[in-house]
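K.L.:
Input: one structure, supplied below.
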C-alpha cells in the first residue's frame, strides 16, 4: 500500500469500482436488515433489559451499524463514481475522507472490546453465578459499555494527531479511505492492545469451557438424558458460535496487520480484509437471533404471521359457482333438513303425550 496518492482522489484504472460498490452495497443492505431487526425486537422486549448480556449484545449491534451507516454509503458512492467526490477542495476532501476512515477504524476496538466484555460476563454467569448476580447489574453493564465506546473513541483518534505514527487518507490503489501506519511504535501499540483483548477472551473462554464441560459431564451422570441437562449445553452456544464467526472474518485482517510491516501486501488483499470485516456485521446478528430466546421467539412468531395464508379467492369463487350450478342439490338438502326437523318435532310430541298418559 502506497502513500503517494495522498493528494490524488481518483481511483486507479486497475480497480473495478462498480463491482466493489455492488459487493459493499449488498453487504450493507443485508447488515442493515439483520442488525435492524435484532435491535428493534430487543427494544420491544422490556424484560430482557434487566440482563447485562442484553446491554452488551445491543452495544455490539450498534457497533455494527457504525460502519454500515457512516463508512459504507460514502465508500460505495465514491467507488461507483471512480473518485472521492465529497468536498469542493482538496482540504475538504481530505478532512471528510479522514472522518469516514475514522468511523471504520473506531468500530474495530468497540467490537473487539465488547466481545471481551461478553466473554467476561459469560464467565461470571457460569463459573461465578453469585458474583454475577451481586455485581453485574444492568447499570454496571451500561457503565462498562459507555466506557468501551469512549475509550475506543480516544485511542482511535490518534491518527488525527501529527507525529502519532499513523494517518487517515484516501488510497486510490483500492478506492477507499483508510488508516495508514507510518511508524513502528504505532503498530506495536496497536498490537499490544489487540493482544490484551484477545488474551481476555481466550482465558475467560477456556476457563468457562472447561467448567461447563465438567458440569455437563457430572450432570449427565446424574440426570442421564434429562431435558434440563441438555439445556445447559446452550449456555456457551451463542458465544462459541460468535467466536467462530468473528475468528473467520477477522483472520484476514490479523494476517494482513502482522505481515504488512514485513512485506508489501497487494491492494486486493486489503480489499478482501475490508469485505471480510464488513461481512461479520451480517453474520453476528444472525447468530444472536438464533441463540437469544427472546429474539428467536419473536422472529418465529412474526414469520408464522407472515406465512399464515388468508382465505384463497379461488376457493371462494369455487363455492360461489357450486351454489349457482347445483341449486337442485341445495334444494334436495333443504328438503332433507326439513323432513328431519319434522320427524324430531313429531317424536317430541309423542314423547310428551306418553309422559302425560303415564302421569295420569
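Counting begins at 1 with the first residue displayed.
Note: Cβ is positioned from N, Cα and C throughout, glycine not excepted.
Keep in mind it's a predicted model, so treat the numbers as computed, not measured.
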K.L.:
Which of these ranges is annotated region 'Disordered' in TrEMBL: 293-312, 313-332?
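P.N.:
Of the candidate stretches, TrEMBL labels 313-332 as region 'Disordered'.
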K.L.:
Mind checking which residues of the chain, 6+ beyond the ends of the transmembrane segment (55-79), have their Cβ under 8 Å from one of its Cβ atoms?
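P.N.:
11, 17-18, 20-21, 24-25, 27-28, 31-32, 35, 38-39, 42, 49, 85-86, 96, 100-101, 103-104, 106-107, 110-111, 114-115, 117-118, 121, 138, 141-142, 145, 148-149, 175-177, 277-278, 280-281, 284-285, 288, 292.
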K.L.:
Where else in the chain does the transmembrane segment (20-43) make close Cβ contacts, counting only residues six or more beyond its ends and a cut-off under 8 Å?
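P.N.:
For the transmembrane segment (20-43), the far contacts come to 54, 57-58, 61-62, 64-65, 68-69, 72-73, 75-77, 79-80, 175, 271, 275, 278-279, 281-282, 285-286, 288-289, 294-295, 298-299.
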K.L.:
Averaged over the domain 'G-protein coupled receptors family 1 profile' (34-288), what pLDDT does the prediction give?
P.N.:
84
